[in-house]
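Undergrad: So Swiss-Prot says this about it:
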- 105: active site, nucleophile (ACT_SITE)
- 202: active site, cysteine persulfide intermediate (ACT_SITE)
- 14, 15, 16, 17, 18, 19, 20, 21, 40, 129: ATP binding site (BINDING)
- 105-202: disulfide bond (DISULFID)
- 130: site 'Interaction with tRNA' (SITE)
- 347: site 'Interaction with tRNA' (SITE)
C-alpha cells in the first residue's frame, strides 16, 4: 500500500450491480477511502423483447452508490470487449477448443481497459468483488492468494494478472465467506442484498448457448463414433461439445457390447469433423499424463526458464493436482503426479504454491505417456 491515508487514497470500484461489488464499495467507503463506482458496459445484451439487463444492473449500481454516498459513472467497453475477448472466444471455438472468456475478460477488460480508465479518474487503486487476496511482502512484491471462501475462490480466473496490475488492485472481499457478504449487504440495507448471483458467460446470460453460438459460427454436423470405429449417430457441430461431457449426446439409451455405462465425449477430430465418444466416466482415453500450454503469465517476476514442483487446477473449483512444470519463456510443459481426467485444450491451467496463485497458461495439447492424445 502507498503511504497515503485512506482519505487521500482514491479507489475506483468496478460495480456490476451485484451484491459482491456493492459490498466491496461499502467496505471501502466505511474504511475511509475516496471511493468512485464505475459500471462497465461490455456487451449489448438487449433481448428479443427489447429488455437490456445492463440497464437494470446500472440502476442497481446507482441505487447502491446513492445509498452509501459515492459518485458513480458508466463506461462503455463494448468495442474493447468485442476485439479482445469475443473475437478470441469465437476463434477458439473455430479451432475446436473450449475457451475461457472469464480469464480473458479479467486480463483484457477489468484489469486493463478498466484499470486504464480508473487511472484517468485519478485512482490509486481499482477494486473488484472477486474472492481473492493480495499481500505485499517486505520487498514490495505483491502475492495473490486464494480467497478465504474455498468454494468461491476466483484466483483461477485472475491467473493472468501481472505484478503491475496486482500492485494497483484491492480485493476487499478476499478474507470473507459469501454468506458473510450477504449479511453485510442485508445489515446495511443495500438495494442488491437479495439479488441472485449472475451465472454463466456474461455475454450469453440466460440465453441458450447452442443457439447463441450458432448465430456467430455456422454449425457443421458430422459423425459421432467410438474409437473402435462404430458409428453411433450424428453430432450437431464439434463446437458444441467439450472433452468429458456427458449430457446432450442423444445416445443415452444405446448400450455397448459389454456395459451399460453412460457415454462421454472422449475426443474430437477437426480434420474429419468427427466426435468420438466412449462409455464410462473413467474411460481410459479421458486420462492424460502431461500437457503443453502457452500464453504463460506469472503474477510476479520469474526466471525465463525453470522447473518447479507445485500444484495446479485445470478447471474452476477443481481440487489441486500435484505437477512439475517446465517453463520456457511464455510456454510451459506440465507433468502430472497422477493421470488427470478430461484435460481440455483452450482452458486455463493455473499454478499454486500453497495458498499463492503463481499464474497460469492456456492449454494447447495433452499427452499420455509422451504421446499426443489422439482426437482431443
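A Cβ is built for glycine as well, from the same backbone N, Cα and C atoms used for every other residue.
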Undergrad: In whole Å, note down how far the CA of residue 130 (site 'Interaction with tRNA') lies from the CA of residue 20 (ATP binding site).
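TA: Roughly 8 Å, rounded to the nearest whole number.
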Undergrad: Which of the recorded positions 105, 130, 202, 347 has its Cα closest in space to the Cα of residue 14 (ATP binding site)?
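TA: Nearest in space to residue 14 (ATP binding site), counting only the recorded positions, is 130.
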Undergrad: With every protein chain in view, what's the tally of Cβ atoms within 10 Å of the Cβ of the residue listed as 'active site, cysteine persulfide intermediate', excluding that atom itself?
TA: 19
Undergrad: What Cα-Cα separation, expressed in whole Å, is found between residue 202 (active site, cysteine persulfide intermediate) and residue 40 (ATP binding site)?
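TA: Cα-Cα, rounded: 12 Å.
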Undergrad: How long is the line from the C-alpha of residue 40 (ATP binding site) to the C-alpha of residue 130 (site 'Interaction with tRNA'), rounded to the nearest angstrom?
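TA: Roughly 15 Å, rounded to the nearest whole number.
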Undergrad: Rounded to the nearest Å, what's the C-alpha distance separating residue 130 (site 'Interaction with tRNA') and residue 16 (ATP binding site)? Just drop the number here, would you?
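TA: Roughly 11 Å, rounded to the nearest whole number.
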Undergrad: How many Å separate the two farthest-apart Cα atoms among the ATP-binding residues 14, 15, 16, 17, 18, 19, 20, 21, 40, 129?
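TA: Between the most distant Cα atoms of the ATP site, 16 Å.
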Undergrad: In whole Å, how far is residue 105 (active site, nucleophile) from residue 16 (ATP binding site) when you measure between their Cα atoms?
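TA: That separation, Cα to Cα, works out to 14 Å.
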Undergrad: Can you count the other CB atoms that lie within 10 A of the CB of residue 130 (site 'Interaction with tRNA')?
TA: 25
Undergrad: Long-range neighbours only, meaning 6 or more apart in sequence with Cβ under 8 Å: which ones does residue 18 (ATP binding site) have?
TA: 57, 60, 129, 192, 195, 197, 198
